[in-house]
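Now, the feature entries from TrEMBL:
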type	residues	note
REGION	1-20	region 'Disordered'
DOMAIN	155-267	domain '1,3-beta-glucan synthase component FKS1-like'
TRANSMEM	303-324	transmembrane segment
TRANSMEM	336-355	transmembrane segment
TRANSMEM	375-394	transmembrane segment
TRANSMEM	415-440	transmembrane segment
TRANSMEM	481-501	transmembrane segment
TRANSMEM	522-542	transmembrane segment
TRANSMEM	1333-1355	transmembrane segment
TRANSMEM	1479-1498	transmembrane segment
TRANSMEM	1504-1526	transmembrane segment
TRANSMEM	1610-1631	transmembrane segment
TRANSMEM	1671-1695	transmembrane segment
TRANSMEM	1715-1733	transmembrane segment
Amino acid sequence: MSLRQRINRPGAGAGAGGPHMPEAEAYNIIPINNILAQHPAMLSTEVRAAMAAQTIVGDLPQNRYAPPRQRNHDILDWLGSFFGFQTDNVRNQREHLVMLLANYQMRLPAPPDVIDLLHPSVPRKLCKKLVKNYNSWCAYLGRRSNVHLSDKDPRRDLLYSGLYLLIWGEAANLRFVPEALCYIFHYMAWELNRILDGTLDPTAGPATMGENGYLTKVVTPLYDIIKAEVGASRNGSAPHSAWRNYDDFNEYFWTRKVFKRLGWPLNLSGRFFAPPKSPSRVGKTGFVEQRSFWNIYRSFDRVWVMLFLYFQAALIVAWQGHTWPWDNLRDRDNQVKVLTIFITWAALRLLQAILDAGTQYSLVSRENPLLTLRMVLKVVVAAGWTIAFSVLYARMWDQHDRDRRWSVAAEQRIVNFLEAAAVFVIPEAVAVVLFIIPWLRNLLEKTNWRIFYALTWWFQSRTFVGRGLREGLVDNIKYSLFWILLLLAKFSFSYILQIRPMVAPTKAIFKIDRVDYHWHEFFTHTNRFAVVILWVPVVLVYLMDIQIWYAIFSSLAGALVGLFSHLGEIRSVEQLRLRFQFFASAMQFNLMPEEQLFETRHSLRSKFRDAVHRLKLRYGFGRPYRTIEANEVEAKRFALIWNEIILMFREEDIISDREVELLEIPPDLWEIRVIRWPCLLLCNELLLALGQAKELVASDRSHWRRICQNEYRRCAVIEAYDSVRYLLLKIIRDGTTEHKIIEGLFQCYEDAMQAGQFTVEYKLPVLPIIHSNFITLLELMLNPKKDLTKVINILQTLYDIVLRDFPANDKRTAEVKQIGFKRSTTGLLFEHVIELPGDDDAVFYRQVRRLHTILTYRDSMNDVPKNPEARRRIAFFSNSLFMNMPRAPRVEKMNAFSVLTPYYSEEVIFAKEQLRSENEDGISILFYLQKIYADDWANFLERMKREGMVSEDEIWEGKLRDLRLWASYRGQTLARTVRGMMYYYKALNMLTYLDSASEIDIRDGTRELASLGTYRYEVNNVYGFPDPVKPSTRSLNRASSSVASLYKGNEYGNALMKFTYVVTCQIYGSQKAKKDARADEILYLMKNNEALRVAYIDEKPIGLDQVEYCSVLVKYDQQLGREVEIYRIKLPGPVKIGEGKPENQNHAIIFTRGDAVQTIDMNQDNYFEEALKMRNLLEEYNYMHGSRKPTLLGVREHVFTGSVSSLASFMSAQESSFVTLGQRVLANPLKVRMHYGHPDVFDRLWFITRGGVSKASRVINISEDIFAGFNCTLRGGNVTHHEYIQVGKGRDVGLNQISMFEAKVASGNGEQTLSRDVYRLGHRLDFFRMLSVFYTTIGFYFNTMMVVLTVYAFVWGRLYLSLSGLEAAIKGSADSTNNTALATVLNQQFIIQLGIFTALPMIIENALEHGFLTAVWDFLTMQFQLASVFYTFSMGTKTHYYGRTILHGGAKYRATGRGFVVEHKKFAENYRLYARSHFIKAIELGVILTVYASHSVIAKDTFVYIVMTLLSWFLVVSWIMAPFAFNPSGFDWLKTVYDFEDFMNWIWFHGGVFCKAEESWEVWWYEEQDHLRNTGLWGKLLEIVLDLRYFVFQYGIVYQLKIANGSTSIAVYLLSWICVILGFGAFILMWFARDRYAAKEHIYYRAVQAFVIILTTLIIIILLKFTSFEIIDIFTSMLAFIPTGWGLISIAQVIRPFIESTVVWDTVVAVARLYDIMFGTVVMAPVALLSWLPGFQEMQTRILFNEAFSRGLQISRILTGKKPDVI
C-alpha cells in the first residue's frame, strides 16, 4: 500500500449502500442504477452528465399499458415499455449509451459551460453516426428519413440513438442483415415520431408493444425464415443457388418494393416468409453464386481482356520475324491485322454477357423485367458488335484483294473500321476521364438522381454498396504508377522472351509435311496440334506471370515505404545505445498527452512543429535532445515507463533478475547529479575513461572534453564519482574524524577540479590503483559474510594511496596529510567507525551492485538481454518511438475501445496431467518447453526461488499454478491471450496516472518507489558468493514497487471507461454444467482480471422438446467472491445457423463498448510496451488517410512460433512477410488492404450499423474475416495499416497442421471466387485497384493452380509428342528444345516452384528490418533446410483445395489444434491427408516422366532430358517426400516398419457403423468422395473429362510394345482392352473365390489361385513362342493398364449413384483398395530406403530442428526420449 491515501478500486458489488449488493443489481462497468456508488467512474462529471440526460423523461407520453414509472425511470426504460424490448437489453444498452455519451463528452475540445450537463453536440454527433447508414439507405430507396432531429428538443437525439441501439442489441442473427435493421428502425422511428407528436392511436400502440414484443413479432419471424433457408442448404452442401444466405436476405431490403411487400407490422403471410420448398417463395436476391471456374473471368473480365488482347496483338506483330515490334508494324498489312483485337474484344464482351445470363438466370422474374431486358440486350449488342467488326474487317481485306494494294477505297474502309472502334471504346474513354477526375465519379455514383440511374443502368445493376469507391487524386497517381511500371515490365518481358522466340519454331512445325506416326492417327495435319501443345505452357505462364512481377514490385515498393516509415533503424543493442539518450524526449513526445506540450491540435503550425520535433528526436539535432539530466520530470516519467516495461519482461520470465538490474533506470538516489542510464549503456565506459587518464597527458579541459564526447562516458564518470563519495560517507559514522577526513579529501578534489588544476595537482596514473582497491571494497561489502576487518584494511590501503601516491606536488601532499592528522588517536584509522547497512537494506545494496557493475564491466553487453524475444521486443519498441505516429491524447480524451476474442473449446490453462504426460516418443509438453525456452525456464526457476521455493522438487506442489501458467503462456492458450490483452488495462492505468501526475507527484513517487526497493529479492549472490539468507525473507510484494502503488484511485475508473475485454466463450454454460475443468480455468481468469467479461450462450430446456437460448454476460464479483450474471438476453433460437466463429462473435458484440473494437483470436498475444501505444493508434481515426478517414486500422503482427523448428520458421517467415511488407503495400500505395483476420481495430459504430465485423453465411463465408474487409471497401470505408505497434500471433508448427490451415484458406478463396463481394469489387473498383484486388486475393491461388497446370501441360504435351512420333519429326526440322521461350517457361516455373516469388518479400523485409547480410544468410539457411521442398508441397495443397472447392465445393472449417508438434506422425495419417492432393498426382507425373524418358528421342541426350524435366522431378519428389522429411523421426527404420504395419491394418479393417476414417480405409475412401456426391452436373462432367487422361497412357504405350511389332492399326488398341478385361476378370474370380471358399473350403481357393497363375504363365509362354512378345512388355504394359484401371475407378466414383446398388460397385471398392495399397507401397519405398541407409535420420533431425539446435535445443535427446533428470 502506498503512503498516500487511495480510493478503493472498483469491485463488482461496490457502491450499493453496503458491503454487499444483491445479484439482481450486478452491473457491468458502471453502477448506473446507483448514482451514489463509490465507484471511480462515478466521480466523472461526464458520466454523471450522460446519466442525467437519460433521465429527462418527465413530459414524455405515458404508456397506459405499462406499469407506473419508477423513480429512476429513464429514456431507455420508456422506449422499452413502448416497443417491447427485453429488460436486460434495456439495461445493457443503457450502460452502452451512457459510456458512449460520456466518452464523447470527454473528447470535447473545451469543457462545457455547465460540466454536469451534456453538451448538445454530443448526442447529436452520436445520433448522426448511428443513423448514417440508415439515412443513406433511405436516400437510396427514395424514402424520407424518419429521423427528425430538432435543436428545440435535444432529447430526440437520445431517443433515436437509444432506439437504434435497442433494436440492434436484441436483433441476434439479424445483425448480419444491416439493411433489415434499417427497415425495422424506419418503422419504429415512424412510430416513435407519432408517439412524440401525439398522433399515434393510444389504444393501439406500436406494433411491437408488449412483453418481449420486439423479439416475438419482429426478430423471431425473420430469424425463423433465415434458419429454414440454412436448413435447406443441407449443412452447406446444397448449391448456393438453391437457398438464400444472409446477403440474399439483406439485399431484399435494397428494393423499393420491400415496403409494400413486407409492410408494418410484418406481413408473415407474404412470399418473403414462404418456406424454402414453397414454389412461391422469394428466391435469390441481387446475385446468384454458381460453382464454375468461369467466375474468375466473369468477376475480373478486364484482366483477361487485357491479357488476351495483348497476346493477340503481340503474336501478330511478332509473326513477321523482325527483332523490334515497331519494325514489324511498318507494314500496313500488319497494322490492319492488329485491328482484329477489336473482334476479339467484342467476342469477349459477348462471352461476358452470356456468362452473366447463364449464371444469373435465377434472378429473372416478372418482378424485375428490366434485368431480363438488360441481359438479352447485352447478348444481342455484344453479338452485334462482334458481327459488325467481323464484317468491317472482311470488307477491308476484300477491297484490298480486289485492288491488290491499299488503295484509297481500302483505306476508307480502314477508316470506317476505326470509326466503329471509336464508338465501341467510348465507354472505356469515359471511364478513363472519370478515373482522372475521381471526385466526379464518386459524385455521380453517390447521387440518387434517377437520370444517373438511367445512364448507368446498362453497365451495372444498381446496388446499395459499391458506390463512390474512387480514391483521391494522389492515391490514384501512386497505385496507377505502380501498375503501369509493372505492366510495362511484364509485357516487354512477355514479348521478348515468351512470344517472339516461339514464332520461328511454330513456322517450322507448320511446314512439316511428313510425320512417321508411332500410333494410329485419326486426324491429318496433327502438326498443328503439336503447335498447340508447345504453346500451351507458354500461354499459361504468360497468363499467370503478373503474379511474379507483382511479388517483385510489391517487395520493392514495400521496402521503399518501410524505409520512409523508419522501420529497422534500431536492430541491435549497439544501435539501441546510440538512440537511448533521446528516448525520454521521444517517449514524452509520442506517448505523453499533446496538450501538455502545445496549445493547438491538428493545425498546420502544430503539424510543422511536430515534423521538426521528430527530426530532432530522430537525428539528435538540438541541445535539448542530447543530454537529459536527472532532475528533469521528463526523464523521471521516462524512467517510470521504462522500468515498468522491464518489470513486465521479468514477470514474463524473458529476462533474469541480473538483467533487470542491467536494463532498468535506477531512481534518483545517492545525490547523483546526472541521469542514471541503465548499466547496459555504461558498460566499459568508466574503464575507457580510466585508460584515457592513465595514458593521456593533457589539461583538465582536454580530458573533460574527450570524456564529454560520449554522453554515456560522461554520465558514468560523474555517477561513479558521486557514488563513491556517497558510499564512503554512508558507511563511515557521521560526526567521526574519519567522516570529516573523507569530506575533506573530496572537497580538495572538487576545489582542484573547479580551478582546472586536477591533472596538475594529482597523478592520474594512480587512478587505476584506486579503482582496483575500491572494487575489492565493494566485493567485500556484497559478500553475504561481511568481514569488517577486511573492509577496514582495504579502507586503510585506499587512504594510504590517496595520502602518499595520489598528490602530484608537495603542497597538495601537505594539505592531504594535514587532513589526515585530524584522525582520532584511540586506535587505527577506520577501526571503530564503519557501519555497514544490514542485509534488509535492499535499496542500498542494489546501488552498490550497480556501482560495482559500472566499475568492473569490460564487455560490450551486446548479449544483454540474452533472450532473443526480449531483444526483439526492446528493439522494436525503441525503434517505434522514432516512427511517425499520431500524438497521444490524455487517457480521458482518447477513443474508448473493446477487445473481442471468440473461444470455443481450446485450451485455457494446461493441466498438470497435460504437462507431465508423455507421447509415444517419451516427450512431455513441459520437457519440450524446457528445451525450447531454456532461458525462460531458468528465469522462471529463479523467480520461484525468490518467491519462497527452496528446491525444484517443490514446483509440482506449492508452485503448481505458477508452473501451469508458465507453460500456458508459451502455448497458444486462452490464458496467454487474456494476459496479453489485459496489458491494455494496465497500460491505461499507468498512463492515466502519468497524465494527471504533477511534477511533485512524479518526484515524490520516484522517491517512494526507491524507498520500497525492487519488486524482487535483491540477489546478493550474483557474484558467486554463498547465500545464507532464508527463502522466507526474500519475497517482496510486486505491486509495492510498480507504478501501480502510486495510483490515486481515479486511474481504474478511466481505464474501465476506455477499455473492455469480452471473451465470447460460446459453450461456457455447458462446460459449467458438465464440470469441465476449462470452466474453472475461465473463472480463474475472470477472478484475476477485473476488466475481463465472459459472454456465452445459455441453453435452458423449457419443455419436452423446447430449449430457450440466451446471450449471457458474466463477471467475477470480487466482494461476493463468486461469478455473477450481469445480462441475460433471450435469443430467437440457436445462434449457430451460419459459420460458427462469426456467429460466436456476433452474439457477444452487443456487450462490447467504446468507439472501436479490436478482434483478437485465440492464437494471439500482446505486450505491455505495445499497449502503451494503443491510444496513439486510435487517434488515427481523426486523421485523413487519402480522401477518407479510416474505418479499419490494420495492425502489424509478430509470429512468435517461428523458433520451434525449421518448418515453423518457414511458415513464420512467410506469414511475417505478408503481415508486414505485404499488407504495407496493400494499404499504401495500392489502397486495397482488406481484413485478413486479427488484430485489426474496427470503427465499432461504423461496422455495427453495416453488418458487423465479419460475415457468417454458411460455406460461402468460411473465410469470414476477409469479407469484413470486402464489406468495408464496398461500403466506402477505408482500411489502413500501421507498423509502429504490433501484436503477437501464433501459427501452426507441424506440416499436417500447416496443410490443414492452408487447405482451409485455399477452400475459403475458392468460395470467395464465387461470392458477390468479389464480383462487385472486380466491377466497381477502377482498373488498377481491381488488378490489386485480384492478384492479392483469389488471383494468387488461381495463379498457383496455373503453375501446376503448366507442369501438367508440359509433361503431358511432351508425352504426347514422344508417343505419337511428332517429337522425332519436329526434332528433325525444328528443334523445340533449344528455344528461348521454353527456357523462359522452365525458369518461371522454377521461380514459382521453389517459392522464390514467395521468398522475395521475406528477403526484402528481413533486409529492411535486420540487415542485408542477415537476410541473405537466413535465405540460404532456409534453402539448406529444404524450404523449397516445403513451398513446392504447399503449392500442391493450395492448388488441390482451391480447384476442388470451385468445382465441387466441400469447403469446411478445419481445426488444426495449434498445439506443440514434436511427435512422429504415422504413415497412415499422412496418407489420409495427402493421398489425393499430392501422392497420386506425384505418382502420375512420375510415371509420365518415366515413360517419356523411355520413348523420347530427346531423352537420349541425357543432359537435355535433365534440363527439361529436372523441375518436374523436383515437384514429384517434393510432393512425395515432404510429409516424411518434415516428420520427426521420419526416417527412423523401426518407426517406418511399424508405420507400414499400421497402414496395412488400416487398409484391411472394414470397420462398422460408428467407425471413423482414422480407423478404416473404407470409411476414409467414402469420405473422400463426398465432394462428388454434392457437386452439380457440370462438375461431374468435367471430372469425367479430366479422368479420361488416364486412358492416353494405354493408347500411347500399347503401340510401343514389342508384341505390336510396329503396327499402327486401331486393332492394336482395341485388342489391348482384352488384356484389361482379362485382368479385371482374373481379379473378380480371385475375389469371388476368396469370399466363397477362403474361410471354410480353403483348398478350393488355393485351386483357383493355382489355375489363374498357371493360365497366366501359359499365355505368356504362348505369346513368347508365337509372337514378338518380350518379357519387357510385361513391365511396359503395366504402365499402360494401371493408369487405365485408376481412370475407370475415378469415373466409377463420379457415377456412383447409378452403380452403387449393383455388384460392379463392390468390385470398384475392392480394386480401389488394391490401388491404395499399391500407391502406399510406392510412396513408402523411398522412405524405407532412406530409413535403412545410415545417417539420414540424423541429417533429417538436424534439418528439421536446425534453428532450435542453434539455440541449444537437444532435439536428439528429445526424440529418443533420453531425458536427463528434469522436473
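Any Cβ shown, glycine's included, is placed from N, Cα and C.
Because TrEMBL annotations are produced automatically, they should be read as predictions rather than curated entries.
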Select the range from 303-324, 375-394, 522-542, 1479-1498, 1504-1526 that forms the most Cβ-Cβ pairs under 8 Å with the transmembrane segment (336-355).
375-394
Please tell me whether the transmembrane segment (1504-1526) and the transmembrane segment (522-542) touch - that is, whether there are at least 3 C-beta pairs under 8 Å between them, with each pair 6 or more apart in sequence.
no
Highest-contact recorded stretch vs the transmembrane segment (303-324), from 481-501, 522-542, 1333-1355, 1715-1733, CB pairs under 8 Å:
481-501
Six or more residues beyond either end and a Cβ under 8 Å away: which residues meet both conditions relative to the transmembrane segment (1671-1695)?
1480, 1484, 1487, 1490-1491, 1494, 1569, 1572, 1580, 1583-1584, 1587-1591, 1593-1594, 1596-1598, 1600-1603, 1616, 1619-1620, 1623-1624, 1660, 1664, 1704-1705, 1708, 1711-1712, 1715, 1718
Under a Cβ pair cut-off of under 8 Å, which of the recorded stretches 375-394, 415-440, 481-501, 1715-1733 contacts the transmembrane segment (522-542) most often?
481-501
For the domain '1,3-beta-glucan synthase component FKS1-like' (155-267), residues assigned helix / strand / coil by DSSP:
75 helix, 0 strand, 38 coil
